[in-house]
Amino acid sequence: MNFETSRCATLQYCPDPYIQRFIETPAHFSWKESYYRSAMSQSTQTSEFLSPEVFQHIWDFLEQPICSVQPIELNFVDEPSENGATNKIEISMDCIRMQDSDLSDPMWPQYTNLGLLNSMDQQIQNGSSSTSPYNTDHAQNSVTAPSPYAQPSSTFDALSPSPAIPSNTDYPGPHSFDVSFQQSSTAKSATWTYSTELKKLYCQIAKTCPIQIKVMTPPPQGAVIRAMPVYKKAEHVTEVVKRCPNHELSREFNEGQIAPPSHLIRVEGNSHAQYVEDPITGRQSVLVPYEPPQVGTEFTTVLYNFMCNSSCVGGMNRRPILIIVTLETRDGQVLGRRCFEARICACPGRDRKADEDSIRKQQVSDSAKNGDGTKRPFRQNTHGIQMTSIKKRRSPDDELLYLPVRGRETYEMLLKIKESLELMQYLPQHTIETYRQQQQQQHQHLLQKQTSMQSQSSYGNSSPPLNKMNSMNKLPSVSQLINPQQRNALTPTTMPEGMGANIPMMGTHMPMAGDMNGLSPTQALPPPLSMPSTSHCTPPPPYPTDCSIVSFLARLGCSSCLDYFTTQGLTTIYQIEHYSMDDLASLKIPEQFRHAIWKGILDHRQLHDFSSPPHLLRTPSGASTVSVGSSETRGERVIDAVRFTLRQTISFPPRDEWNDFNFDMDSRRNKQQRIKEEGE
């Protein structure tokens, strides 16, 4: 900003002490300070919010940003006579944009919200760091769980204990990670088979078992697939699954192999496989790089071999194991997890069939015990004579009856009734009693609501006295009929010019005195306005849809006090929202219910106290205003800062020329002194 030179002595006047930072020319400061020194005198919190420390922190965190400055200058000079006193006002506005394409800093999301800048400044002053508030999309795409069995990459990582028990919970993750198997045979000659019913894999030792890996979205570059065996039962889960000493020390399956002899799981046909043993927990796993599926396929196939039988002594020793397959990043963060049980045996088809038959028999026996609850038939042998079991005569409730039905609609209705009656037999008695009590309460509530509607219509037809107009039949205002989110959008600070003419509420028919009294419970109000909210605050909680006195007292547990209100013509909560404790006492409400109703009225008032915050902050002198915004475009960090500066310069002539302009201050002082003496 250039200043014109004057032969007159210059005295700079600042209307606000906070503006004094802007009086010196930018040459007196560094480039950063000259553009980021700001002041706000609205409140202590506001001044701290835009303090130089905050801008310095933003500048440091942006490292080397790309800045663009758009200066706007306005000058006003009041010079009535030549070489006389002048009054010059200069207004400057700098629109500064800082942007950076680096999004690796986790603190960046804090600068994308205007309200969070204040909390950041407080955290800086307190010497503490705050966590970044991630939104839903960011959490789904970026937040990943750390690997519980990742190798430590530094001394610090090695000092932190790894979990001794890896998680076996299925987790599809952000990429919908899934593991499946091909169509398998149950023949005895099959080398492997998978039971979807038991979620269990049966395979022979050292035989190839293909596993299909599927993701909906491609994982990040360098992702790997890890396979790790763990014991299934809780008493064995802390032990590491390894091969038995017999197979580990044998030459069979070990000669010419890259995999260590103690590893149970091996990968076949992949030279990039890496066998890992955690130095802390000792758990063994195998890693292969993730490869996208080939053209025309949905899956990525990995060939695994299991190098020890489940029945080997010294190894698994007939203890069931689980295979945990995870999709991880190169630094060990888990992107997805799948788990299935495995059994390595000599005849997979036979063992699968035996296990499935055993499970089915167990399910049938359990259902029989839960169904009739009868004991086993009684058999008795005496003197060599075998007594046959006497079958119970089937009770009428166990008979199967058939009812011919005509029409699909009638059949489906009867089918629902049949299923409901059968399901009711499996419910405990206390659940049924609770359901019946709830139905009775709802029935009583409906009856009270109907009576209140009738009384409301009767009071609406008669005209109340003039002295009771403020307390009787007070209809809700238009702002109360509009839902709270739209009410925030219709505030004077956010409604654009000319918006009132386009509001549908003004053009539609609003139910007034007669319409509101005749409004039935099933009749809906006009549809809500679909107006975008310009407030950046969280919208208030929704108001209760039923604003009648009946529902209000029912929520407070004071339904017995309904008559005190209906006798005075009070049917909606809007008629009592401004009541005080004395007003409730005048209604002769018992004292034990009076405090509860008063608290409910206060809670109802708080729902109406939400308003959109001002978008323009001003200082008391109006001299300096700073607004900060932020935006993110195409993965870049952008911070917009606008600085307003007001400078007023008053120029006076030299002291020896003051007499020409009636600026003789000594004569003025003498005159005031003489007036003071005469007054005394």
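One-based numbering along the chain as shown.
Cβ atoms are placed via backbone N, Cα and C, with glycine included.
Under the heading DNA-binding region, Swiss-Prot lists 170-362, citing similarity to another entry as support.
The secondary structure of Cys312 (Zn(2+) binding site), as reduced to three states from DSSP, is coil rather than helix or strand. Positions annotated as Zn(2+) binding site by Swiss-Prot, on the basis of similarity to another entry: Cys244, His247, Cys308, Cys312.
For 123-157 (among others), the entry in Swiss-Prot reads compositional bias 'Polar residues'.
Under the heading compositional bias 'Basic and acidic residues', Swiss-Prot lists 351-360. Packing against the compositional bias 'Basic and acidic residues' (351-360) from elsewhere in the chain are residues 186, 193, 195, 197-198, 200, 202, 343, 345: each is 6 or more residues past its ends and has a CB under 8 Å from a CB in it.
As annotated by Swiss-Prot, compositional bias 'Polar residues' applies to 379-389 (among others).
Annotation source Swiss-Prot lists compositional bias 'Low complexity' at 437-463.
Annotation source Swiss-Prot lists SUMO cross-link at Lys676.
Among the features that Swiss-Prot reports, domain 'SAM' is placed at 541-607.
Marked as region 'Disordered' by Swiss-Prot: 123-171 (among others).
For 351-393 (among others), the entry in Swiss-Prot reads region 'Disordered'.
Annotation source Swiss-Prot lists region 'Interaction with HIPK2' at 352-388, citing similarity to another entry.
Mean per-residue pLDDT, taken over the region 'Oligomerization' (394-443), amounts to 81. The region 'Oligomerization' annotation in Swiss-Prot covers 394-443, and the record cites similarity to another entry as its basis.
As annotated by Swiss-Prot, region 'Disordered' applies to 436-472 (among others).
Feature annotation from Swiss-Prot assigns region 'Transactivation inhibition' to 610-680.
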Listed in sequence order, residues not in Cys244, His247, Cys308, Cys312 with Cβ within 8 Å of the centre of the Zn(2+) site Cβ atoms: Arg243, Pro245, Asn246, Glu248, Met307, Asn309, Gly314, Gly315, Met316
Largest tally of Cβ atoms lying within 10 Å of a Cβ, found at which of the binding-site residues Cys244, Cys308: Cys308
His247, Cys312 as binding-site residues, winner by CB count within 10 A: His247
Structural state census, the domain 'SAM' (541-607) (DSSP three-state): 41 helix, 2 strand, 24 coil
Tally of residues which DSSP labels helix, strand or coil - the compositional bias 'Basic and acidic residues' (351-360): 10 helix, 0 strand, 0 coil
Counts of helix, strand and coil residues, the region 'Oligomerization' (394-443), according to DSSP: 35 helix, 0 strand, 15 coil
